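> Feature annotation from TrEMBL assigns domain 'G-protein coupled receptors family 1 profile' to 41-276. The transmembrane segment feature in TrEMBL is assigned to 30-50, 59-79, 108-126, 147-169, 175-200, 221-244, 256-278.
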Amino acid sequence: MKHILNLYENMNSTARNNSDCPAVILPEEIFFTVSIVGVLENVMVLLAVAKNKSLQSPMYFFICSLAISDMLGSLYKILENVLIMFRNMGYLEPRGSFESTADDVVDSLFILSLLGSICSLSVIAADRYITIFHALQYHRIVTPHRALIVLTVLWAGCTGSGITIVTFSHHVPTVIAFTALFPLMLAFILCLYVHMFLLARSHARRTSSLPRANMRGAVTLTVLLGVFIFCWAPFVLHVLLMTFCPADPYCACYMSLFQVNGVLIMCNAVIDPFIYAFRSPELRVAFKKMVICSWYQ
């Protein structure tokens, strides 16, 4: 993000004098390559669901929502690199009105990726809960039409929130609100998962077993949640440290890993499609058909 990068550069000039940790600089080619792979993989997920009627169910609609979030996170870095390239070639006026507007749009994509991922994982967790404990009523409760309405409202809210956060990103309350969303939403998801697995354990003792496919879906989404936390938590921690202790040498040491944390975010978009394919036989078959068809064409 432009605003975070600017703050990072300004605030850490003093901190680096008090710290022995040099900033870790990664080649832009790494960011660009990982971002391209992330976009292509998630486009494959979207195409697989769009081309296969058997995959056009609420659960896969929610997975597509998460894929779009991942794709936006990768697309952010690609567009940022393009803007930097055009500026270096002299096509953009440094710090001009167009570049400032373009930076705000790109930053909005980044925030939208995080908010969309959190909200998509929350909806998926609720969907799995209903699937397991209200299996007989699931198709009446969660219809494709209702799923699309939920996703429309979700993305409208995320878009409005993303624009607001970027607009007021220089204010400390905005940073606090932004970083607070991460642990609050994750706490909700984790509580729902813990409750779900405790009820599943109790239900399994009273009855023969839970539907294997339903529990498999819950495990898959637990893995997705773990990967999301692993990839995004370092960046959120970086924002907090940058806001509250920018001059502290220990905080500066951690903030020297800013670009590494950025690569982790890009990796989230690359890892998720592999999890879909590994855990979902239907998606795996759809991916194979797409690859085979493209190969023979």
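From the backbone N, Cα and C atoms, a Cβ is placed for every residue, glycine too.
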> Tell me whether the transmembrane segment (30-50) sits in contact with the transmembrane segment (256-278), defined here as at least 3 Cβ pairs under 8 Å among residues 6 or more apart in sequence.
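Yes, the stretches contact each other.
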> Below 8 angstroms Cβ to Cβ, which residues of this chain, lying six or more residues outside the transmembrane segment (59-79), approach it?
31-32, 34-39, 42-43, 45-46, 49, 102, 106-107, 109-110, 112-114, 116-117, 119-121, 123-124, 127, 131, 144, 147-148, 151, 154-155, 217, 224, 262, 265-266, 268-269, 272-273, 276, 283
> Mean pLDDT for the domain 'G-protein coupled receptors family 1 profile' (41-276), rounded to an integer?
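Result for the domain 'G-protein coupled receptors family 1 profile' (41-276): average pLDDT 82.
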> Are there residues at least six beyond either end of the transmembrane segment (147-169) with Cβ under 8 Å to its Cβ atoms? List them, or say none.
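Hits for the transmembrane segment (147-169): 1, 3-4, 58, 61-62, 65, 104, 107-109, 111-112, 115-116, 119-120, 123, 175, 177-178.
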